[in-house]
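The block underneath contains the structure these notes are about, expressed in structure tokens.
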Amino acid sequence: MASTQEMHTGRGDAETVGPDIELTSPTQKPAGRDTKVTGDIEIQGHEDDDVEIQKPVYVPDNSGVARIEAVQAVWGLHGKKIIIAGLALVMVMYELDNTTVYTYYIYAQSHFNQVSSLATLETAGGIVFSVIKPLCAKIADVIGRGETYFLVILLYILSYILCAASSTYGTYAAGYMFHILGQSCLNTMNDILIADITTARWRGFAVAVSFAPFLVMPWVSAFICQSVVDGIGWRWGIGMLAILLPFSASFILFTLLWYQRKAKKIGIVSTQKLSLYGFFSLVDAGGLFLLIAGFAMVLLPLTLAGTAPQAWKTPWIAAMIAVGGVLLIALPFYEKYMAVHPIMPLHWFNNRTINLTLACQIIDSLAFRITHVYLYTWAVIAHNYSVRDATFLNMTNGVVGVLSGIVAGGIMYRYRKYKWAVMFGAVIRTIGYGMMMRWRTIGTSTAEMFIIQFIQGFGSGFISIPTFVVATVSVSHKELAQMTAFAVCVQTIGSSIGAAIAGGIYTGTFKSQLANELGPGASQSLIDTLFNSITAGIPTWGTADRIAISKAYSNVITFCTYAAFAISIPTLIIVWFIPNITLPDTNSTAEPEHAIAGEMPGGRDVEVK
């Protein structure tokens, strides 16, 4: 969100540049209108008896906060229920997309003979997924939640069309990146809405429950993926979602826009104009460029080096890393001295709680991703898993993570504490990585493979949910959307780094492992084919060549687990120093007087003073 500085609106009222953008702010009481007084602030009344204004709308520095507070002021209990139901429907389709499209993408990579580029594309996607979140939050603050939802759905539709109709790898990759944009922004908007309408005490449970569809969807999607891949093909699998997801999102989209219009109609909010220059200032375009370009130039070479002509000696590899490092070093100085509305206010990093919880998030995400980028392909090649079974294995960690996250959220609500939940999760995760070093081999049984995924998932929920909540409750409501996006951004940056490391291990070692295991009789063309595809050139299961290829894959996966185990160790130290703050029945610990009005689930009405 924007900082506590006043909103920058460009070069003045006399001159505007580009299209006008509506901003929202509270208005004065119109003459002749009835009013209802809540606390010390006067709110305008209206004729709809079903809607009760429950809380004051605070004077904001940005439009998105004003609009969502105006919506909360007019929606009443029924409106809030509709929003919750809309979120539930969106999450069902979000998880269907999340659990099927990834599988289709693997077969698309194989179709274009680009399996070796899987980590590179995933790293690029991870960078976009992470760094676009602060921009999405900024836009939601500037133009409103409902309007941002509409833009997100357009991104999804464009991505599905490009991927499904792609005739070249370049077109497919472009569609993939648009899909990452849409997925990241939808995830961000859902988290922001949940944070808007929940208290600090309830937030962990609410966020975890929002992912409840993931408990069922992976098992359903495995059968869907099997039928699609064996039948109509991955293109149609992606194309079907171009209809399903926009339809499901329409409910929450129109509900938000309806109540925003209602709040404007009864006079709670008014509009003002913003120039294009002012818009770019509000979203901190300069800071976003430094963040995106910096991480892209540092992380992409890690996976590209293995396929470059001279590997790490290729001049542009070193140049990209150097330029990226300079951009990232420049970022905090730009944010401090030049940004009017910084995308990551530096005062956040004076808060020990924020620093330590974000450190836990990035390390945990990094270690996890290293072990999972090539998990699916390893299961298919080294253990002869079908599409369905490999999908089951790939999704088990996430399913168990949702369950443990709900448990962690319940514990946080009951005891108002979180530190020991994070400690428990860190210990379980590290144990899981240690077991992986023994159970991610060619001789691993099916039971052992799934047990590892179960253990890892159980630890995941106890780390990700508490650390996310603690970061978001440490800032005011005014900065809530921005911190919500930044906390998830940190997690996904960790995942991007992990994917880059996994890609570097794969591209740097797999060909040599294939040559060693297949022996001197293996041709370079065969090795190159196996390096880039999980369908072409794969020998029959049980043959000597297939066993050799399986051993080569397993050796690479073992290298990944060693790296993940070593990286996870610092988390055990960091969690000891996280403050164990008591979670209040307010939106954040930074503004205890700003309670969320209305009846919380299972609780009493929160009185607004």
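Just so it is clear, glycine is given a Cβ too, placed from its N, Cα and C backbone atoms.
What TrEMBL says about a protein is an automatic prediction, not a curated fact.
According to TrEMBL:
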DOMAIN    83-587  domain 'Major facilitator superfamily (MFS) profile'
REGION    1-36  region 'Disordered'
TRANSMEM  148-167  transmembrane segment
TRANSMEM  205-224  transmembrane segment
TRANSMEM  236-259  transmembrane segment
TRANSMEM  279-304  transmembrane segment
TRANSMEM  316-334  transmembrane segment
TRANSMEM  354-375  transmembrane segment
TRANSMEM  395-413  transmembrane segment
TRANSMEM  420-439  transmembrane segment
TRANSMEM  451-473  transmembrane segment
TRANSMEM  485-506  transmembrane segment
TRANSMEM  526-544  transmembrane segment
TRANSMEM  556-578  transmembrane segment
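Non-local neighbours of the transmembrane segment (451-473) in the same chain are 195, 200, 203-204, 207-208, 353-354, 357-358, 360-361, 364, 368, 371, 393, 396-409, 412, 418, 421-422, 424-429, 431-433, 435-436, 439-440, 480, 483-484, 486-488, 491, 571, 578, 581, 583, 587-590; each lies 6+ residues outside the stretch with a CB under 8 Å from one of its CB atoms. Highest Cβ pair count under 8 Å relative to the transmembrane segment (420-439), across stretches 205-224, 279-304, 354-375, 485-506: 354-375.
Counting Cβ pairs under 8 Å to the transmembrane segment (279-304), the stretch among 205-224, 236-259, 354-375, 395-413, 485-506 with the most such contacts is 485-506. If you average pLDDT over the domain 'Major facilitator superfamily (MFS) profile' (83-587) in this model, you get 82.
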